[in-house]
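Chemist: Annotations for this protein, taken from TrEMBL, read as follows:
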| type | residues | note |
| --- | --- | --- |
| TRANSMEM | B:12-34 | transmembrane segment |
| DOMAIN | B:62-280 | domain 'ABC transmembrane type-1' |
| TRANSMEM | B:66-87 | transmembrane segment |
| TRANSMEM | B:99-123 | transmembrane segment |
| TRANSMEM | B:129-148 | transmembrane segment |
| TRANSMEM | B:179-198 | transmembrane segment |
| TRANSMEM | B:258-280 | transmembrane segment |
Amino acid sequence: MEQTNSSFKQEKTQTKDWAYTLHHATRATHEDWLGRSISYTCIGIIILVVASMLWFITSKGIATFTQNHVNVWQFLSGTNWAPDQGKIGALPMIVGSFAVTFAAALVATPFAIGTAIFMTEIAPKRGRKFLQPVIELLVGIPSVVYGFIGLAVVVPFMRHLVGGSGFGIISATFVLFVMVLPTITTMTVDSLRAVPRFYKEASLALGATRWQTVSRVILRAATPGILTAIIFGMARAFGEALAVQMVIGNAAIMPKNLVSPAATLTSQLTTGIGDTIDGTLPNNALWSLALILLLMSLFFNALVRVIAKRGQLSHER
Amino acid sequence: MNAKRKDLLATIIIDVIVATVVGILAFLLAYILISGLPHVSWLFLTGSADSFSGAGGIGIQLFNSFYLLILTMLISIPISLGAGIYLAEYAKDNWRTRLIRSAIEVLSSLPSVVVGLFGFLLFVVKFKIGFSVISGAIALTFFNLPLLTRNIEESLSAVSRSQREAGLSLGLSKWKTEIGIILPVALPGIVTGIVLSAGRVFGEAAVLIYTAGQSAPVTNFSDWNPMDAASPLNPFRPAETLAVHIWKVNTEGLATNAAQLSAAASAVLIIAVLLFNLFARVLGNYLYRRVTASK
């Protein structure tokens, strides 16, 4: 009798423990709750930063059109930039930005692809040991240093070669070429390494030479990746501010040739934003240039996504 | 031309290309070090700049660069650590996570001048803090966050699943598993990423010209109270960094010895960045050996 009583008691306390465990959180649950809230807060901060960045720059950028009632088309196609006189045609800067971007990408791409082929196909060992640090160093050099070297070496050289001031699109192209080269090279190397080994082996087994294999099999299989690399390089060139601003000459006029002073969106922004008063037309017009930069950056981003998707599809097929 | 000839020709062309690339880097480094290093002296590194002639030392700028770097890292490491843990551990594969990832990608691809202008708009125009250390540090954080977050997430995700399962099967919470087991294993990669990003932050100028400002008021280096106006630690004073200094000296054209000055400053900047790279490698390898207990 006594025994049953005690076992009954024991059972009762056990039920109580279960009830306790079920209704009260353990220490691990508390920890998880804490960890979850910490990490959610951190990601929340980043999202907040991105959202407010997009919101602020967009709302400042469209003020030219909503408050100053400038026609969007006139802004984009006008060639006369004199904000003090109320004339804000942004085409010279837009043309300047696109010119240096495309020119830099055009020059850098063959160099980048050549270097990447060397690093992956011709001398993988030396590539990893010797060229990898070279590329990393090129990435690490700050953009003002590139600008300074452009100013001290490239500009005088161009002045010597073609006369004039030496400032201009071609000098900016030179500087940007060196700056986007490591970006395009690194990403091209990655995409060449991602090509399945048996593609190469199959081609070589058929008696193809190394160059035939590289040009007709490996490069073709890696095309989406290489395109992505070029777009990343172009995005970097398009957004680079100080190095370009130091060598392009900063004249907001339609560039007539490659060796006369010109301006880009970024160079105009860096030179101008400190000298204008908040809320006035000259200031708003500069923010509209910033908005174009932002939209182009989003566009490059979207382009990369589209290519990535296409690339996936062609591999699956 | 037959296939073999073409192959040879292509190989030669590629060799020439590679030689050119290596030559460019060699030229860049040699140019900066040869034209800059002779002007680097102890006086140059510690002296103060004459704001009119532009001559003189870079002491304040160098201090500002390090001060901003430390503040930026103090703010951005915890945030990106939390965000990296979220992405590696808590995020489910759904539209919300994809949206967050694209937001981070957008932030990382924004031109740094746009990030700087946003900082200018927020801190200088809206909050009226003015050109200051703190505005610069927060703007640099915005610039640094996406890359650091991605680096931390990648390092955390690279740790094998079995480590996670082991932690969870011992009854540890997800958080404890992440902090106590996964993080130490991922540490070498994370530390390398942090030091490399420090090099990037150290050389960045476009973010700073309209947030930390382009002037370096003379500070009293014997006063270390952050609340005093003349103290070098005062977070509300304008702080021109070394990178901004190089840009300013070259664009304003006031200094008669601009080329000499910026060559020397560039040499200092490059050496600092090289040291960061070297340090990242050494520290990463050391930590890797410590954590994995391999010889």
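Keep in mind that glycine also has a Cβ here, set from the backbone N, Cα and C atoms.
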Chemist: Which bits of the chain, at least 6 residues beyond where the transmembrane segment (B:179-198) starts or stops, bring a Cβ under 8 A of a Cβ in it?
Modeler: 69, 73, 77, 88-89, 144, 147-148, 151-152, 154-156, 158-159, 163-164, 166-167, 172, 276-277, 279-281, 283-285, 287-288, 291
Chemist: List, by number or range, the same-chain residues at least 6 past the transmembrane segment (B:129-148) whose CB is under 8 A from its CB atoms?
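Modeler: Those are 64, 67-68, 71-72, 75-77, 79-80, 83-84, 104-105, 107-108, 112, 115-116, 118-120, 123, 193-194, 197, 200-201, 204, 207-208, 210-215, 234-239, 241, in sequence order.
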Chemist: Which residues, given as numbers and ranges, are at least 6 beyond the ends of the transmembrane segment (B:12-34) yet have a Cβ under 8 Å from it?
Modeler: 263, 266-267, 270
Chemist: Could you pull out which residues elsewhere in the chain have a CB under 8 Å from any CB of the transmembrane segment (B:258-280), counting only those six or more residues past its ends?
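Modeler: Same-chain contacts beyond the ends: 29, 32-33, 35-37, 39-40, 44-45, 54-55, 58, 61-62, 65, 191-192, 195-196, 198-199, 202-203, 242-243, 245-246, 249-250.
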